[in-house]
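Undergrad: Got a structure here, written out as structure tokens. Questions coming.
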Amino acid sequence: MLLFQATSLLALLCFTVRAFPFMEEEGSASFAQNVLHSRSFPVSHHGAFMDLPLFRQNRRKISQNFILHSDPREHMDEEALRRKLVWESAIRRDKMRSQPDQVLPIGQDALKRSRCHALPFIQNVFRKNCFPVRLPNKFCFGQCNSFYVPGWPAGLSQPCTSCAPSRSRRISLPLRCRSGHLAWQEVELVEECECETRYDRNTVEPAGSGEDYLPVS
């Protein structure tokens with residue numbers, strides 16, 4: 001009886017060694033090294049491991065919930081990105097001073113155009129204790145070339161150009177207030193914009209001109 005049990009145990013041991021040949025000393029060390037260094041399993045074991053029901057279910061959830069998000073600023077050139085950052089900084093500063101919030105939309109195509117021009121937006125016209133009114137309007141946006149000329153006459157201040165309305169009109173807009181009466185608010189409607197050269201607060205000249213002084217070209 002003891003001899004039969006020993007023979008059965010020896011046969012079982014031989015079968016185990018044949019069934020798992022990769023558990024030899026060299027193969028076992030290689031397998032452990034792969035695990036410690038976070039390498040992938042061999043193809044045969046990796047496929048069987050990932051085909052288990054638990055991993056199939058989790059893999060399906062990951063594939064459904066995983067969405068790639070790309071930053072739109074990655075597709076903008078350096079100059080357009082710089083203008084967008086300056087514009088966003090100006091909007092944040094103005095947002096702290098004005099109420100209700102005023103949104104000035106500006107797209108990538110407008111950022112790539114450097115010259116001053118008019119862009120459409122919806123203006124919030126408001127007054128204290130009155131209901132605001134949303135009015136289609138335009139705002140001026142773009143770059144203007146400023147310059148400094150040595151020898152400029154002492155009586156004239158140095159010019160500075162800015163993007164400003166070149167054609168606009170003013171209207172009176174009625175606002176309905178909480179007390180029941182109407183309040184009239186004057187609003188400027190901008191139609192076109194261009195670069196203007198400013199010498200002081202009260203003097204505005206077309207861009208590139210100077211009174212009694214012509215730079216040598």
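Keep in mind that glycine also has a Cβ here, set from the backbone N, Cα and C atoms.
Per Swiss-Prot, the feature signal peptide maps to 1-19. What Swiss-Prot records for C116-C163, C130-C177, C140-C193, C144-C195 is disulfide bond. The domain 'CTCK' annotation in Swiss-Prot covers 116-196.
Tell me about the setting of these features in this model.
TA: Under the DSSP three-state reduction, C163 (disulfide bond) is assigned to strand.
Each residue in the domain 'CTCK' (116-196) gets a DSSP state, and the totals come to 0 helix, 53 strand, 28 coil.
Its Cβ placed at the centre, C144 (disulfide bond) has 18 other Cβ atoms within 10 Å.
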Undergrad: Which Cβ among the disulfide-bonded residues (C116, C130, C140, C177) has the fewest C-beta neighbours inside 10 Å?
TA: C177
Undergrad: Taking all residues of the domain 'CTCK' (116-196) together, what is their mean pLDDT?
TA: 87
Undergrad: Just to be sure I understand the packing, how many Cβ atoms besides its own are within 10 Å of the Cβ of C193 (disulfide bond)?
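TA: I get 22 for this one.
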